[in-house]
Amino acid sequence: MAERPEDLNLPNAVITRIIKEALPDGVSISKEARSAISRAASVFVLYATSCANNFAMKGKRKTLNASDVLSAMEEMEFQRFVTPLKEALEAYRREQKGKKEASEQKKKDKDKKTDSEEQDKSRDEDNDEDEERLEEEEQNEEEEVDN
C-alpha cells in the first residue's frame, strides 16, 4: 500500500489526456480544477477497488476479477456504467483472444519452418552421404580396373 497520499494519485498525463478527450474543443481547464479531478478520480478508483475487494473476499478469493468490479459498480449505484463496462470487457476479451490466436499461429508457422529447414538439412546430408558413397565406389572401381 502507498505510504504517502500523493502516491495514490493517478498520473497527471493520464488525467490531462482524459480531460482533453472529454471536453469540447476550445474549452480549457485550470490547474486547480485538473488537480481536483485527479484527486476525485483517485478516490473513485480506491473506493471501487475496495468494494470489488469485498466481493472477492465474500467469494473467499484474493484476486479481484471483472465480475467483482461490475458488482462493485452496482453496489456503488453506478448501474449506468455496468453495460458500457461489460461491452468494453467483451471487446478486451476478443482482442486478447485474437492476439493469443495470432501468437499460436505464428508459433505453428515457426515450427513448420523449423521442421522444413530440418528436413532440407537432412536431405542435404543424405545427398552428401550419397555423393561420398558414389565417389568411393568410383575410386574402388578405378582401383579394381588398375589391378
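Keep in mind that glycine also has a Cβ here, set from the backbone N, Cα and C atoms.
Noted in TrEMBL for the protein shown:
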- 9-73: domain 'Transcription factor CBF/NF-Y/archaeal histone' (DOMAIN)
- 93-124: compositional bias 'Basic and acidic residues' (COMPBIAS)
- 93-147: region 'Disordered' (REGION)
- 125-147: compositional bias 'Acidic residues' (COMPBIAS)
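For the domain 'Transcription factor CBF/NF-Y/archaeal histone' (9-73), the model's pLDDT averages out at 92. Counting residue by residue with DSSP, the region 'Disordered' (93-147) contains 54 helix, 0 strand, 1 coil.
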